[in-house]
Amino acid sequence: MDGAARRGVLAALLACGLLLLGAAATPTPPPAGSSPQDTCTSCGFRRPEEPGKVDGDFLEAVKRHILSRLQMRDRPNITHAVPKAAMVTALRKLHAGKVREDGRVEIPSLDGQASAGPPAHDPVSEIISFAETDDLASSRVRLYFFISNEGNQNLFVVQASLWLYLKLLPYVLEKGSRRKVRVKVYFQDPDTSNKWNVVEKKVDLKRSGWHTFPMTEAIQALFERGERRLNLDVQCEGCEEYSVLPIYVDPGEESHRPFLVVQARLADNKHRIRKRGLECDGRTNLCCRQQFYIDFRLIGWNDWIIAPSGYYGNYCEGSCPAYLAGVPGSASSFHTAVVNQYRMRGLNPGTVNSCCIPTKLSTMSMLYFDDEYNIVKRDVPNMIVEECGCA
C-alpha cells in the first residue's frame with residue numbers, strides 16, 4: 001500500500017470515528033461529477049449495480065443489528081415450542097395482547113413502529129417464564145423456572161409475581177360457606193437444603209381461577225447473585241380437605257401451567273437529541289428519512305419473535321449542502337451501526353462531506369422467545385429512525 005492510499009484509509013477511519021462520536025465533520029466540496037452520497041460513507045442509500053446482493057447484505061445487517069440490540073449472539077434455536085395454550089393464557093392474563101383466529105398474537109403497541117407519546121426514560125423489560133417440576137405431590141410441589149438474564153445486564157426488579165391456577169373439584173359445602181386455603185411458597189437454595197418462606201397467602205375461593213403471589217424480593221436476590229434458576233416449594237394447606245387442586249405441570253392442563261412474570265428496569269438512560277426532519281417523497285434530494293419495512297416472516301424469524309410482525313428499519317439519505325451542515329445527530333442508531341458497515345466497502349474514502357444521519361430515534365417494543373423458551377417483552381431504545389439531519 002503506497003503512502004497516498006494509506007493516508008486515504010486513515011482519513012476514512014478518522015471520519016468514521018468522528019461520526020460515531022456525533023461530531024460534526026467539516027464540509028468538503030465533492031469532486032466534479034459526483035454526488036454527496038458518493039463521497040460520504042454514511043450519506044444516503046446508494047443503489048448499487050447488484051441490488052439483489054446488497055439486499056441480502058442489508059437484511060443480514062438488519063439481523064445483526066436486532067440481535068445486538070437484544071444483546072444476543074445468535075437467534076434462539078427453537079427446537080420445541082412452549083405449549084401454545086400456556087403462552088396464550090399468559091399473554092391474555094397479562095393483557096399484553098389478544099390472539100387472532102389464525103393463532104397469531106396481536107399487540108397494539110407492538111406493530112413495529114414507535115409507540116405514541118413521549119419516549120420512556122426507563123425502559124422496562126417483561127419476562128414470562130413457565131414452570132417445570134421435579135416432583136408431583138398432591139399438596140407440595142417443587143417448581144423451577146429458568147429466567148432470562150437479559151444479556152447479563154444489571155437489572156432492578158420493578159415487580160415480580162407467580163401466577164398459580166387453583167381448580168375447584170366437586171365438593172359438598174354447607175350453605176353460605178366457602179373454601180379457604182393457605183398457599184405457602186418457599187425459596188429453595190439449590191446448593192443446600194435450606195429454604196425460606198417467600199410468601200404466604202390466604203385464598204378465599206368461590207370458583208376456579210388464577211391467583212398471584214408477589215415474588216419481587218426473591219427475584220431481585222436471584223439476579224444479584226447472578227443466578228438464573230429459581231427453585232420454589234409450593235404448599236397448599238387445606239387443598240385436600242376442601243377438594244382444591246392446584247394446577248402445576250400437567251400435560252392435560254397446559255393452559256393452566258404456572259408462570260412467573262418479572263418486570264425489570266435497566267439503570268442506564270440516554271437522552272435523545274431531537275430535530276424535525278424531512279420525509280423522502282421522491283421530490284427532494286435533501287437529507288430525509290426513507291422508510292424501509294422488513295417482514296419477519298420473510299427472513300424466517302417469525303418462529304421466535306412473537307410480536308411485532310416486522311421492523312421499520314428506516315434510514316437517512318440525501319444531500320447535505322453547506323448551509324445544512326453542523327446539525328448535531330446521534331450515532332447510536334440503525335443508520336450508523338448497520339448501514340455504514342457494508343456501504344463503506346465500495347466507496348472512496350478520500351474525501352468527507354457533511355452527512356445525513358439520524359437526529360431522532362425511538363423505542364421499539366418486542367415480544368420474543370429467548371434460549372430458555374422464556375417469553376420476553378422488552379422495550380428496546382434507539383431502534384427506529386424517526387428524523388434525519390446533517391452533521
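Note that Cβ sites are derived from N, Cα and C of the backbone, with glycine treated the same way.
The annotation signal peptide is assigned in Swiss-Prot to 1-25.
Per Swiss-Prot, the feature region 'Disordered' maps to 27-47.
The feature N-linked glycosylation site is assigned by Swiss-Prot to Asn77. Reduced to three states, the DSSP call for Asn77 (N-linked glycosylation site) is coil. Counting only same-chain residues at least 6 apart in sequence, those with a Cβ under 8 Å from the Cβ of Asn77 (N-linked glycosylation site) are Asp371.
Take the CB of Cys288 (disulfide bond) and look out to 10 A: across all protein chains shown you find 22 other CB atoms. As annotated by Swiss-Prot, disulfide bond applies to Cys280-Cys288 (among others).
Look at Swiss-Prot and you will find Cys287-Cys356 (among others) tagged as disulfide bond, backed by similarity to another entry. When secondary structure is read from DSSP and collapsed to three states, Cys356 (disulfide bond) falls in the strand class.
In the three-state DSSP reading, Cys388 (disulfide bond) counts as strand. Residues annotated as disulfide bond in Swiss-Prot, with similarity to another entry given as evidence: Cys316-Cys388 (among others).
Feature annotation from Swiss-Prot assigns disulfide bond to Cys320-Cys390 (among others); the stated evidence is similarity to another entry.
All protein chains shown were included, and the count of other CB atoms within 10 Å of the CB of Cys390 (disulfide bond) stands at 31.
You'll find the Cα of Cys316 (disulfide bond) roughly 6 Å from the Cα of Cys288 (disulfide bond). Looking only at other Cβ atoms within 10 Å, the busiest spot among the disulfide-bonded residues Cys280, Cys287, Cys320, Cys356 turns out to be Cys356. Taking CA atoms as the reference points, Cys320 (disulfide bond) and Cys287 (disulfide bond) are 6 Å apart. Looking only at the disulfide-bonded residues Cys280, Cys287, Cys288, Cys356, the one with its C-alpha closest to Cys390 (disulfide bond) is Cys356.
Cα of Cys287 (disulfide bond) to Cα of Cys280 (disulfide bond): a distance of 8 Å.
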